[in-house]
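As annotated by TrEMBL, transmembrane segment applies to 6-26, 38-59, 79-97, 118-140, 160-186, 207-225. Look at TrEMBL and you will find 17-286 tagged as domain 'G-protein coupled receptors family 1 profile'.
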Amino acid sequence: MAEKILPPVWYIAGFVGNPISAFIWLGQRMRRNNSSAVYLGFLSLTDMIFLILNLMYLLHTTWGYKVYNDHVSCEIFLLAYYVPQYLSTFLVMGFTVERYVAVCHPFMKEKWCTVRKALIIILFLSTFSFLLASAHSYLWAYHTDMDVCSHRQNVDSDFITWWILITDVAVFVLVPVIVLIFNVMVIREISKISRNNVVHRQQNRRGNGVTSTVTLLAVSFYLILTQISATAVGLLHQAFPFGDPFMSDEDIRKDQTWSRFFTFQDVRKVVEVICLSHYAIYFFIYCATGKHFQKEVLYLLTLQGRLPFLATMLSTKRRKEHYTMVSTNGCAVSEMYTTNMSTTI
């Protein structure tokens with residue numbers, strides 16, 4: 001029931017929020033001199049692709065529709081299903097490390113935190129994710145006799161277990177822990193410079209720089225919470241084995257081993273579907289923590305300034321406001337909205 005009720009909520013949120021987020025972050029005004037926007041834009045696209053594949057996965061496993069029960073399609077689907085999962089985590093690590101460089105080593109920012117380098121890193125992470133996920137096209141196969149897409153029979157089961165264990169821990173536990181470490185260092189550095197009253201001066205000079213750091217920290221911390229939680233319950237399944245499969249239904253209901261197994265499976269499914277939310281709700285995190293992102297959303301809602309009355313209704317301030325890009329790479333690049341809509345924000 002958890003898999004049937006909660007995922008549609010995430011699909012609705014993700015199918016609306018991710019395209020809007022990608023459109024805004026990858027728009028010319030946001031990505032210019034703003035390498036963080038490139039990461040967030042591709043993250044939105046990656047999450048959108050995963051939600052589409054996850055919908056197909058649940059239709060197959062939960063609802064009983066044989067979406068990829070066939071030769072070749074079984075292997076291809078499992079390969080495609082894991083690529084965005086890996087890439088989403090790697091992209092968060094990418095912009096987290098970049099934010100660490102920008103905050104803790106500002107003199108290196110112009111060299112390393114550029115749009116060009118961000119695109120190169122994203123290409124590398126995409127290739128690495130594909131190569132890492134390609135193993136699943138070998139581990140899975142369609143079995144005609146059972147009409148099921150399952151682990152390949154001629155591959156040692158211990159190898160499959162250890163491969164999945166190692167890759168899941170490395171990508172979904174180790175990488176989030178690395179992200180956490182860099183986040184702690186960023187927060188410590190911000191705390192240190194705030195005590196020296198540097199943040200206020202940087203805000204006046206660079207506009208939304210601190211706000212963008214809050215956005216990136218919020219995204220990465222949410223990934224840490226959800227990825228580690230989902231992976232932890234997945235790894236714990238070996239501690240709750242199923243009981244004797246030859247028992248009658250009545251004996252199974254009374255058996256303690258089966259009871260622990262079913263209880264754990266209930267908890268596991270609920271945790272997993274809740275943690276699935278990080279592929280869908282980043283749009284709301286951007287709106288809650290990024291003032292410039294809020295303005296861009298408002299700009300879209302008012303059809304690029306063609307509905308000034310709607311902008312007046314949604315705006316809380318009626319004044320002209322200058323802003324700088326999320327990450328200017330040291331360049332004093334300032335812009336101002338020129339439409340009637342934007343001057344009321």
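Using the three backbone atoms N, Cα and C, a Cβ is placed for every residue, glycine included.
A TrEMBL annotation is a machine prediction, not a hand-curated record.
Segment contact holds for the transmembrane segment (79-97) and the transmembrane segment (160-186), given three or more CB pairs below 8 angstroms at sequence separation of 6 or more. Averaged over the domain 'G-protein coupled receptors family 1 profile' (17-286), the predicted model has a pLDDT of 88. Within the chain carrying the transmembrane segment (118-140), a Cβ under 8 angstroms from the stretch's Cβ atoms is held by residues 35-36, 38-39, 42, 74-76, 78-84, 86-87, 90-91, 94, 98, 149-152, 155, 160, 163-164, 167, 171, all 6 or more beyond its ends. Within its own chain, the transmembrane segment (38-59) is flanked in space by residues 3, 7, 10-11, 14-15, 17-19, 21-22, 24-26, 30-31, 65, 67-68, 77, 80-81, 84-85, 87-88, 91-92, 94-95, 98, 115, 118-119, 122, 219, 276, 279-280, 282-283, 286, which lie at least six positions past its ends and keep a Cβ under 8 Å from the stretch.
Sequence-distant contacts of the transmembrane segment (160-186) (same chain, at least 6 residues past either end, Cβ-Cβ under 8 Å): 85-86, 89-90, 92-93, 96-97, 99-100, 103-104, 132, 135, 139, 151-152, 213, 217, 220-221, 223-224, 227-228, 230-232, 234-235.
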